[in-house]
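A.B. asks: The feature zinc finger is assigned by Swiss-Prot to 88-125. What Swiss-Prot records for 99, 102, 121, 125 is Zn(2+) 2 binding site. Per Swiss-Prot, compositional bias 'Polar residues' is recorded for 309-322. Residues or ranges marked as compositional bias 'Basic and acidic residues' by Swiss-Prot: 354-369. What Swiss-Prot lists as domain 'USP' is 441-747, and the listing cites sequence analysis. Marked as active site, nucleophile by Swiss-Prot on the basis of sequence analysis: 450. Taken from Swiss-Prot, the feature active site, proton acceptor covers 706.
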């Protein structure tokens, strides 16, 4: 064996250790240098772009001179050349930037700016306000530099007293022009108005013959029949010396003149112009001349208030008050924002002022992007008080109208409503309407596929999903070229419309790989895992048309039909026991998995254990962000938003041991989730059982066994489905099974979170008609209930999917689908629900726990349906369940339950198949109404009259009709 020489060790050390370390260090330095250089180049490029943008839009301070208004021939001026070199105030080198505050000092770098600032510039630097003392001040950069072609002219100093006003975009103008007259020597104010009256670059001067000129400015030329040149706007024969124009022929003819001329204004009163307050100007034209007034003159301010007196002495039959309004924005300001009042004025002006004139087609896009409000035409009221009328109209324009607010709110709501993938109103119909012509069929076992058969049977009995599949709403918009799960489920649902033998789910099972599911292949699988894959795949199929889950925002994903049915939220609250800081987190769920070990004997016990506080200690300590350490904490889970289709999974399988918990866990067929919900707007979440999945085994193990399902069809009959075998069973048999998965359907669907947050969920018609104030008397409540029942045929309907049924459209429903019509049977006016016992307390109707009983004195403060009905001034039963179900009721077997309250006895009738409820204390035509009462203390019998010898301890009973005859489904009544 070769032995290494001693001289090789240092060489190996240098080669394999020292050199790699040195190379790593050098590469790191080189990488840092390259990154720094790239970062510097990026910053320099950004600074250069910003500087170029600032230089492009830089303007000097401009004070428009003089009080004379002379028209000049229309001409376009070439842009002035800007200086290419600027000197740094510190090092006198080429300057690239300037002071962002005063806009008057330039620098070559940020370092020079800091040095100059510390040398004393911070004492002399003043905020730039549009009329500063610097000659190099300007406007800040805006988002769109193409909207300001006039800035090139303003960068050059003024020569003489000519100021070019044509092609100016007054949307971005820093200070407006001053227009005065020589005859009055007026010191007028700028063309100003409220900020809500501006932003339009395409403005014009709208004048009427011998009338007013509504002053605005048009950037583009108009094609006008008989166009009048701009030099004739103010005729030379009509001087400005006469102030007593009669204006008898005001408003005879309207003409639009392009105001693209050059205005000469001697700067005689420039100092006073700066000191004048902002005011609106009225420009009008009469037979004697053209006049300009302002509210400053009418108020007696300034040395030229006598002009207002001469103006008041003029008698005329009418006038047009025009306001040449321009709003200037001082930097910084955003671009492209249009106020609400401006939009309303713009609509009015578009219909009045642009009527009969053809616009320049090249300006359509610009007019759409940036719009402004121009003052509207008004009727001629006389020349007296022109300035006062103008001032009042300016104030009126500042206040948006109520109609405008309403229209804007409606527009916003319409836009928000469009961001919903499946309308909530249609989901309400899927929950409310009755379904006919559908009956479950068996499924062939395609090799250990009982888990899939049981889950598919439960999903096909999910009412809203079943209606959605039968209406083929997905396939109408499906754009998938490959195999689609939703389209396949629609094909399977269509087979349920026809009577026959079992069908095969082989097409679904053979394509499980296409939906990312690793189940199948003939092996035994978990039904819960298959359900999760199926629900998530249906959610993905709903989003495929929009580009997939990654392309759709999270808030929009919650508005799909699958998410609205199965989606919910859990709330996790952790409280630090050291600093008592509380943190909350929310988690989206598709089902609710509950532990059943220990003392749990019912579903309510499992929910109580799930929502009980848990101490985090030992190895499970909580890391508090405020304490910055692992501390003891207390954690509590609660259901923040319960899904509309609540899937409860009882964890019977033990992980690691392959064992199964075969203990008996009772469950109700009407579940009250009020004690376990923290959401404020989620009351009362009442759920009805409609499907159960049971795992049957003989070896008490999780790796073997068989899945069967119990489902309630659309007519309310419970069926036991074992693959291809379907048989009717009683409710008692369903309640005695060891359930693995429970499917509950909400009594009324909860709206999505986006509806609740933005207040877009419209109250259904039935809820609006059913609501009443608690202050009304019993007679008013009764009349209100009668009107509700009388109109119920317009609120509820039936989806009839029988093969012989034709296409019927509903004129009152918003959803236009096939096989739909309103209920018109004998019991259409009744309000029904499916009641059952399923309770462990003799006084409870809605939960099996004594804590939720609403008839005992000790728990009266807890929530109950009767309390809810009392607070709303409604009947306790019909107020909760009335709006939810309206089914027809074929003749069947009824049992009555009579209770005696301190006032009068009432009798209730119950039928298992249809859930029909009636009250003998109410009129005969109101079978769905139940009188409100808190102290039921009589028994039930099989007749409408209370028996003489009734057990006073019996409270509630019901009998259903099966093939063998009467089957008692409640243990609280004795026959």
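The backbone N, Cα and C atoms fix where each Cβ goes, glycine too.
Values in this document were obtained by computation on a predicted structure and should not be read as measured data.
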A.B. asks: Which secondary structure state does DSSP assign to the residue listed as 'active site, proton acceptor', in the simple three-class scheme?
C.D. replies: strand
A.B. asks: In Å, rounded, how far does the Cα of residue 102 (Zn(2+) 2 binding site) sit from the Cα of residue 706 (active site, proton acceptor)?
C.D. replies: 83
A.B. asks: Taking the centroid of the Cβ atoms of 99, 102, 121, 125 (Zn(2+) 2 site), which other same-chain residues have Cβ within 8 Å of it?
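C.D. replies: Apart from 99, 102, 121, 125, the close residues are 101, 104, 105, 117, 122, 124, 126.
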A.B. asks: To which of the recorded positions 125, 450 does the lowest count of other Cβ atoms within 10 Å belong?
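C.D. replies: Fewest other Cβ atoms within 10 Å, among the recorded positions 125, 450, is found for 125.
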A.B. asks: Per-residue pLDDT averaged over the zinc finger (88-125) comes to what?
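C.D. replies: Here the predicted model's pLDDT, averaged over the zinc finger (88-125), is 84.
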A.B. asks: For the zinc finger (88-125), what does DSSP give as the number of helix, strand and coil residues?
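C.D. replies: Reading the DSSP string over the zinc finger (88-125) gives 15 helix, 5 strand, 18 coil.
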A.B. asks: Please report the distance from the Cα of residue 99 (Zn(2+) 2 binding site) to the Cα of residue 450 (active site, nucleophile), rounded to the nearest angstrom.
C.D. replies: 78
A.B. asks: Could you round the CA separation between residue 706 (active site, proton acceptor) and residue 450 (active site, nucleophile) to a whole angstrom and send it over?
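C.D. replies: The separation of the Cα atoms works out to 7 Å.
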A.B. asks: Near residue 706 (active site, proton acceptor), how many other Cβ atoms are within 10 Å of its Cβ?
C.D. replies: 17
A.B. asks: Identify, in sequence order, the residues in the chain of residue 121 (Zn(2+) 2 binding site) that are 6 or more apart from it along the sequence and have a CB within less than 8 Å of its CB; answer 'none' if there are none.
C.D. replies: 89, 99, 105
A.B. asks: I'm trying to understand the geometry here, so how far is the Cα atom of residue 450 (active site, nucleophile) from the Cα atom of residue 125 (Zn(2+) 2 binding site), in Å to the nearest whole number?
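C.D. replies: Computed Cα spacing between residue 450 (active site, nucleophile) and residue 125 (Zn(2+) 2 binding site) is 83 Å.
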